[in-house]
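Trainee: Before I ask anything, let me first share the structure, which is written out below as structure tokens.
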Amino acid sequence: MDNSAIAAVFEELAELLEFRGENPFRIRAYQNGARAIRDLDEPISEIAADSDRDLAELSGIGKTLAEKIGVLLSTGSLPQLIELRQAVPEVVIAMARIPGLGAKKAAKLHDELNIKSLDDLAAACREGKVAAIKGFGKKTESSILDGLAIAKAASERIYWAAADKIVAELSEHMRGCDGISQMQWAGSYRRCRETVGDLDLLAVANDRAAAMDHLEAYPGRASTIARGDTKISIRVAKSFQVDMRLVDADQFGAALQYFTGSQAHNIHVRRIAKERGLKINEYGVFKIEDDTRIAGATEEDVYASIGLPVFAPELREDRHEFEWAQKNELPELVELDQIQGDLHMHTSATDGQNTIREMADAAIERGLKYIAITDHSQRVTVAGGLTAERLLEQWKIIDEVRPEYEDRLTIFKGIECDILEAGGMDLPDDVLAQADWVLASVHFGQKQPRDQITDRILGAIENPHVDCIAHPTGRLINRRDPYAVDMDAVMKAAKEHGKFLELNANPARLDLNDIHLAAAKRLKIPIVVNTDAHNIDGLDVMRFGILQARRGGLTAGDIANTLDLKDFLKLRKRLGQ
Ligand code: DGT
Ligand code: CA
Ligand code: CA
Ligand code: ZN
């Protein structure tokens, strides 16, 4: 056990004793001991092993703690801690961490209201039961509710798209700070992960304090978590954390490389550097033999000094990027402006908000050359899904509309046809046969066991009229797990039957995910990136899909709707569609 692990044991012990209402002097002794151990600059295990030295004589430790440290070092745990953990319910500890509550009040609430979870506590507050307890008032009650909301939101990672909004606003605000000469967002945001835990901003400023003051003056700041000389952390939008680090200009590239991560990527970079006699950290690249600094100002220099290319941030996960770099095979990742079509969108005929013409005009504005209108089928009653009759009517309208868009935009007569719970398609084959483009998707029976839901999707893939499986795993990020579907089997079948798989670009879906996309690429299954737009603004989510595609290592060649119409139709013919 290292010093910080031992210190953590005493901190927990002190916290638990506080719940038991133990002697405050004893509690303080554990807290002081923990701090003393954290401040030690040599491993406590070495001191304990040295027969000439005595742990009990170290400042802040004493005889009782020295004994307990001995037990910890030889057994790895402390019986007293295990007992205490059982005696103090977890929910009480969680409650005590809510700002303004503390151990005593938490224990009291637990005993008097029989609270078993934080949800129980929220309910009790809303029902006014907390304010009714002696020593608590209306004010405490409402501050508990606020604290609960913050704790809950702070524990959740946000969608990349939501982080991007914060980034846009904060960037705009920070551009108003004259003293900042360089600024870049790093971390998972720069790597375009589907969710972001916190934001990491790097900046070079001639006056660091002024730069921090400027960040603190951001109107959307809720609070400041901590502020030091080179780093400041604030909360925005109630709970979301933003870190800003101030670095020297000649270290900016090294810091950017380091704080972009991922950690796994950085570990691999460090290993390669070491093989070349180099050391890399957030301050620069150094020769191990004499510590001379050979790079640091730009990320290009940093990577080049270790003989590596500047990896697209989306690839920095230590998956295949180093292998590709070695073979000089880094993929030229797809770009938004390469997209020429969008093959999944809804209109006011079902749960969309705009007409076919409005969607078509908006698609042209976004540079698209072809779209598919794919409203829901009848099974999706809540969305006003189309019966065969209504679908045929919609196609008549498309026939009328088409001449207006000749040469500008091709409109496919499509459908997003449900795969029924018992298997089979929601519309008859003879109707599907008349469509230009059939998406098949699961909206009901999403919790079926693996075999059952896999069979349903395989059945759709085998249907000769189906062209593409939409949102193949059904997950909603942070909200709903993917179906239990066997994706290996789905991919194999898609390959065998010449079907497309969708990458749904909705930021809450991003389905397929990056790992599945990489697998599809390896199998040479063409991907279609679609917006699933329900109104004209919905067409703008395409860029989130493109970022996810890039994380999967996809190039334009892996994505069918980067093709122009002629080549897209050729590809479909080749697939046998
Ligand atoms: P997040 O915030 O959870 O979405 O993910 P990241 O990747 O932004 O992680 P974060 O904010 O904790 O740190 C930013 C980057 O800094 C991370 O990707 C790599 C680097 N980093 C942070 N801590 C460490 C560390 O202990 N070791 C190494 N090698 N890199 C670290
Ligand atoms: Ca981060
Ligand atoms: Ca961070
Ligand atoms: Zn849809």
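Cβ from N, Cα, C; glycine included.
Just lifted these from TrEMBL, have a look:
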| type | residues | note |
| --- | --- | --- |
| DOMAIN | 1-317 | domain 'DNA-directed DNA polymerase X' |
| DOMAIN | 53-72 | domain 'Helix-hairpin-helix DNA-binding motif class 1' |
| DOMAIN | 93-112 | domain 'Helix-hairpin-helix DNA-binding motif class 1' |
| DOMAIN | 128-147 | domain 'Helix-hairpin-helix DNA-binding motif class 1' |
| DOMAIN | 341-421 | domain 'Polymerase/histidinol phosphatase N-terminal' |
Trainee: Do any residues, 6 or more residues outside the domain 'Helix-hairpin-helix DNA-binding motif class 1' (53-72), come within under 8 Å Cβ-to-Cβ of it, and if so which ones?
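Mentor: Result: 1, 6, 9-10, 29-30, 32-33, 35-37, 40, 44, 47, 78-80.
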Trainee: Mean pLDDT, the domain 'Polymerase/histidinol phosphatase N-terminal' (341-421)?
Mentor: 97
Trainee: Counting each residue once, how many in the domain 'Polymerase/histidinol phosphatase N-terminal' (341-421) are helix, strand and coil under DSSP?
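Mentor: Grouping H, G, I as helix and E, B as strand yields 31 helix, 20 strand, 30 coil.
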Trainee: Can you break down the domain 'Helix-hairpin-helix DNA-binding motif class 1' (93-112) into helix, strand and coil residue counts using DSSP?
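Mentor: Per DSSP, the residues of the domain 'Helix-hairpin-helix DNA-binding motif class 1' (93-112) fall into 15 helix, 0 strand, 5 coil.
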Trainee: Tally the residues of the domain 'Helix-hairpin-helix DNA-binding motif class 1' (53-72) by DSSP class, grouping H, G and I as helix, E and B as strand, and everything else as coil.
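Mentor: Across the domain 'Helix-hairpin-helix DNA-binding motif class 1' (53-72), DSSP assigns the residues as follows: 14 helix, 0 strand, 6 coil.
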Trainee: Under the DSSP assignment, what numbers of helix, strand and coil residues are found in the domain 'Helix-hairpin-helix DNA-binding motif class 1' (128-147)?
Mentor: 10 helix, 0 strand, 10 coil
